[in-house]
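Per Swiss-Prot, these features apply:
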COMPBIAS  527-539  compositional bias 'Polar residues'
DISULFID  Cys76-Cys84  disulfide bond
DISULFID  Cys199-Cys220  disulfide bond
DISULFID  Cys283-Cys291  disulfide bond
DISULFID  Cys404-Cys427  disulfide bond
DOMAIN    29-125  domain 'Fibronectin type-III 1'
DOMAIN    333-433  domain 'Fibronectin type-III 4'
CARBOHYD  Asn55  N-linked glycosylation site
CARBOHYD  Asn85  N-linked glycosylation site
CARBOHYD  Asn108  N-linked glycosylation site
CARBOHYD  Asn172  N-linked glycosylation site
CARBOHYD  Asn222  N-linked glycosylation site
CARBOHYD  Asn249  N-linked glycosylation site
CARBOHYD  Asn254  N-linked glycosylation site
CARBOHYD  Asn313  N-linked glycosylation site
CARBOHYD  Asn377  N-linked glycosylation site
CARBOHYD  Asn417  N-linked glycosylation site
LIPID     Cys464  S-palmitoyl cysteine
MOD_RES   Tyr467  phosphotyrosine
MOD_RES   Tyr482  phosphotyrosine
REGION    520-560  region 'Disordered'
Amino acid sequence: MLGLLGATTLMLVAGAPWVLPAGGADLRSPENVVVSIIDDNFILKWKSSSESVSNVTFSADYQITGMDNWIKLPGCQYVTSTECNFSSIKLKSVYEKTKLRIRAETGNSTSPWYEVEPFIPFQEAQIGPPDVHLEAEDKAIIINLSPPGTKNSVMWAMDSSSFVYSLVIWKNSSSLEERTKTVYARDKIHQLSPETTYCLKVKAGLRSPRKVGVYSPVYCINTTVKHHLPSPENLEINAENRVYVLKWNYTYENVTFQAQWLHAFLKKIPEDHSDKWKQIPNCENVKTTHCVFPQNVFTKGIFFIRVQASNGNSTSLWSEEKRFNTEMQTILFPPVINMKPINDASLRVGIGAPKESEDKSVNQLYPLIYEVIFRENTSDTERDVLEKRTDFTFSNLKPLTVYCVKARALIENDRWNRSSVFSDTVCEKTKPGSTSQAWLIAGILSAILLFPAVFYGVKVVSRCINYVFFPSSKPPSTIDEYFAEQPLKNLLLSTSEEQTEICFIVENTNTITTIEETDQIDDNHSRCSSQTNRDSGVYSNEDENSGSKIGEEILRQAAV
């Protein structure tokens, strides 16, 4: 094995030799000192500088950090060859810094010590090939791998379940058709042909710290004849509402199926886990090529699922195992959007959990971010933003304008891209901004100040219109002062309603009595006398009583 791994040997640069008095002048220190660590095998190699001296042996010491004294290196004392195996060294930890030194010896003479640069065994160790055991099926090969190192390995004691195995497989008849894949310590290679010879090799590696091992020797095996009852193929599992639906393909009829599941982490443990498979509820002895089971069968994590067909006493081989990640199957429902206007022409958006998420919010199970599409209602220009918050505000918007928003949930994980559909679009109108409010206040104040002036102007215009088109029936005061003080209401009376005054004529040659009656009829004066009153003697008079009294007084005077 060491010959196989010679290419991976580590070269440790030697330091300056630690010079001690030598017994012979021709005995020199070893050269080209090399330390090779593969798994738990520690090999020290060197080149002799005293080939001309016979009976030369070599001895080495080691020292660990914290030790004051040098200790003889086991397996490397009085060695006649140019290498030694010190795998039996009792190291407290493979993570401690270690020092080595070596010298040549012959008789009582010794060369100066040649001290090797200090090193940490784990950092310098190389990963050896795993042990490989193969079993054949008709269309598959079962692989059983043992991790590198010994059973009680000190070097890989903390990493035995962390190894990642890389396999290269090809048909023996054609090495050009190589296929490389990552496998577990207990795994199965599918999609092979029956009765065919396949060859493969495997190497192990660590991801942290990153270490890559060497390939194992090549192993070859023949697949068996085709099984009379084929295995189910093309397994597929999907989440629908609160259940999982497992489907597969099968060409034969009148068969029943059963499905089992296994925790994926068990695959990393290098041991037989065939008894760890468990039956899936509602997926036993089913006659259809699908089965439905509740989601609570699986907790959050990664699992493997396999299906087997049965026909009476005959059973098929297990199908190819389907890797199933519950996180990948989780259904993301669209979020619930709430938007309301706030001051200064801004809109506040709130994102809530959907009703379909039952009693647990989706973001309690997975870290979510939200893709938010925001736009003005009358515009096709959209603003696309990503938000981790469930409450945020869009500011500096146009006052009294309708804006619309919709959003979808995304799983915040670089390993996959999962998202929900977009939510329903929600639209809301912004409030007036501070500028609009200032203009509104200014407008109100201006209206209050201009109202008296407008009112006065309207009043003046109204008076002018009334004066021109609707003049007053009463004469102006300058004209009215020439009329009698008696009212003119009688002028408006009809003829039948006019008051009359009866005049009496008394003939007296010596005395002429003139009765003068003044009436205000159409602003003219009427007179009545004894000389001219030979007509009917009927006159209109406003005050009949006063006229009668005056007439009676005149008659009495005449009689006297």
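Every residue gets a Cβ built from N, Cα and C, even glycine.
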Quiz prompt | Cβ packing number for Cys464 (S-palmitoyl cysteine), 10 Å threshold | solution = 10
Quiz item: Among the recorded positions Cys76, Asn249, Cys404, Cys427, whose Cα is within 10 A of the Cα of Asn377 (N-linked glycosylation site)?
Solution: Cys404, Cys427
Practice problem: Calculate the distance in Å between the alpha carbons (Cα) of Asn313 (N-linked glycosylation site) and Asn254 (N-linked glycosylation site), and round it to a whole number. | Solution: 13
Quiz item: Using Cα coordinates, what distance in whole Å links Asn85 (N-linked glycosylation site) and Cys283 (disulfide bond)?
Solution: 57
Exercise. Find, for the listed disulfide-bonded residues Cys76, Cys84, Cys220, Cys283, Cys291, the residue with the lowest Cβ contact count at a 10 Å cut-off, counting only other Cβ atoms.
Key: Cys220
Quiz item: In this predicted model, what is the average pLDDT of the domain 'Fibronectin type-III 4' (333-433)?
Solution: 81
Quiz item: Which chain-mates of Asn172 (N-linked glycosylation site) that are at least 6 residues away have a CB under 8 A from its CB, listed by sequence?
Solution: Thr197, Tyr198, Cys199, Cys220
Quiz item: Counting distance between Cα atoms, which of the recorded positions Asn55, Cys84, Asn254, Cys291, Cys464 is nearest Asn108 (N-linked glycosylation site)?
Solution: Asn55
